[in-house]
Amino acid sequence: MICDHLSRLLALHVIFCAMGKASIDQGARNHGKKVSILLREEPENPKCFAQSRKDFTCFWEEDEELSGSLDQYSFTYTYQNENSSRCPLKMLPAAGGKRLFFCHLNQTQMFVQTDIEVHREGRLIHNRSLLIELVFILDPPANVTVSRTAQPLQLNLSWVPPALKYMDDSMIYEVIYTTVGSNVGQVEVVAASSELILRGLQPGQMYKMRVRVKLDGISYNGYWSAWSDPVFMETVPAELDLLIMSLTLIISFILVVLSLTMLLSHRRFVVKKVWPTIPTPDSKFKGLFSVYGGDFQEWLGQTNRGIRLTPAFFYSEECPSPLEVLSELSPRPSLPFPPLPPKAFRALPSVRKEDDDVKTEPEDRELMDRGDPVLSEQRTATPHNLWLIDRIRALNQSQVPCSQSYLLESQDTYVTLSGKNQNIDELDDVLEETLPLEVLFASRKTASYESHSDLGSVPQSSNSSRLSSQSSFEYPNHAWMTKGPGYTYMAVADSGISMDYSTMSRVEDFGKAVIYSNDYKNEIPAFRSPFLPSHHHIDDDG
Amino acid sequence: MLQKTGRGLLTLLLLVMEWTRPGLSSPLRPICDLRVLDHFIKEARDAEVAMKSCREGCSLSESVSVPQTTVDFDVWEEKNGLDQAHEVQSGLCLLQQALGLLKTSVTNTALHSHLDNCIRNLLSINAVLRSLNIQEYTPPASAAELEGTWRVSSATDLLQVHVNFLRGKVRLLLMDAQACQQDVS
């Protein structure tokens, strides 16, 4: 029997020792956590904290090499209006080659100013003044539990506050909850309550929750405690709300039916918008694509229609200008126009040669200068106009397709001067209608114009002078453009738009300073719009 | 119509009588919510901060007696409720006198408003204590001088003592008040 008692006592003793050890271990762990928190949070030395109403600890850290023995240090504390007292010190080693010196008090006075001094060998090394109730650091909340509530996306978190009398209602708590695997947590602060309902959670997620505690700072104050051990709980997965699902399906079905109905009723409109018809020139060329497979020459050969319908097409690039630049012929004012008509009546290929001759002449004069005598001569030279008309008619009759053309590449379009408005009008009318290419040039003596131009560029005078430009010829012979210093050239891009050209006249050659900026209206009748514009350099020697 | 008028007059009479009823007041509901006191503590702290930043016209003309604010929990808990109450009430009385004196010494108008607040709050605390069935107590002058008092000569020290007293002893008393304990338990 005694043995039984003894054995029971022994068992109990062992149990209590184990429990005590566990609690001591826990206490030691908590203590260690608090020390590390304070080392992090508190900049002043010595670092002091209170754990309960009676417990008070101060410590400071020193390097092992620099610190002395324990008896070199003294810790004194003084309450307001009282004598100072000493606190016995303890030394503990710490990580990283450091030493911690501790002072522990079991009895404290709160709500009163406390001065603390640390001396080493009589020398003051640390000094601090504080109120003990303002440096609390508590144990983390214990028994943190979580449970589901009646609501699907809510969790009820509860804990037990640290056992401190008089301070329950002064405590505030911070709860942090995150989904497992996420780094961003949501924080909630709770005051004077030991439970919290987490709302607005995501369904089917595992949540991790932790709590820490602090005094609220009105009567007592301190540092945040360490985080409690985490607890985990999964929220219920989302349930498909049948009503919402069915409504969604019905509405989407109705929308689909409506859109289909609309599409079917307006399908032609939709098709036209989505796949617009690309215009083809097939209607203009009957049989070109269907019969001849796009072979234009064959189609041309087979039919006469092309010429009739769109003479402009064929004559655009290829027809030579029937007009010549009269001023081109010679710089001498005495050089009359009359020589020109004979030249013009020569075969057109020779015109080309003549062009070359003319081009080589270095002294090309400005038209304007020449214009006066020329014009005057022109006015008198009515036969020239007649010649022109004859010429043009001849051309028309011959119906030379102009494809073989004499003036294929290096053409200049020449500009004739005509001083007679009425004639010009007639000419205009005639030429406009019948000829694909015309350059009508009418100017007064004040007008200036180019001697050579790819398109007849004509300064617009107030008379009915009008230039209907034709297609510009390709002009590879830039050489001749640069030959004559006295030449002024102007190139025109035949694009059917009005263009402004300002022409500079050569002063030195003629002794006249004439500078004109002319409004030049480049009229191209609509049927000539298929002309291909070609762009030329404007080489202004002036 | 006459009946209505009569009823109205009677109601009015009863109201007036209720207001003007002298002497015994009905027992007040105990004010157990400590947020009231927390509010007073915050205002006292504001006054202390304002006094610390004051440079001119904010000094105490003479040294005054103030209650000791030290709370040793072991010692405090050994005292009975009555002693605790007496200690608090005498301390409040001393503080009222000291703050009144400070108010006359201080010329800074901003501080004046703070001090007015503090004095008003001390009177409210007395009312709160009354609501907790704590009898009014006026300490004898000599006793207050000897025990449990300090002398302070600077305005900042005075206001610091004021704050510490409210946070410490007054709050502990209110928390421990029997009237509030009965509600809880």
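Cβ atoms here come from the backbone N, Cα and C positions, even for glycine.
TrEMBL lists a disulfide bond between A:CYS87 and one candidate from A:CYS58, A:CYS103; that candidate is A:CYS103. Note: TrEMBL links A:CYS58 through a disulfide bond to A:CYS48 (candidates: A:CYS17, A:CYS48).
Here the Cβ of A:CYS58 (disulfide bond) has 26 other Cβ atoms within 10 Å, regardless of which shown protein chain they belong to. In terms of DSSP secondary structure, the domain 'Fibronectin type-III' (A:140-238) contains 3 helix, 48 strand, 48 coil. Remark: of the disulfide-bonded residues A:CYS48, A:CYS87, the most isolated position is A:CYS87 (fewest other Cβ atoms within 10 Å of its Cβ). For A:CYS103 (disulfide bond), the same-chain residues that are 6 or more apart in sequence and have a Cβ closer than 8 Å to its Cβ are A:PRO46, A:THR57, A:CYS58, A:PHE59, A:PHE75, A:CYS87, A:PRO88, A:LEU89, A:LYS90.
Following the DSSP three-state reduction, the secondary structure of A:CYS87 (disulfide bond) is strand.
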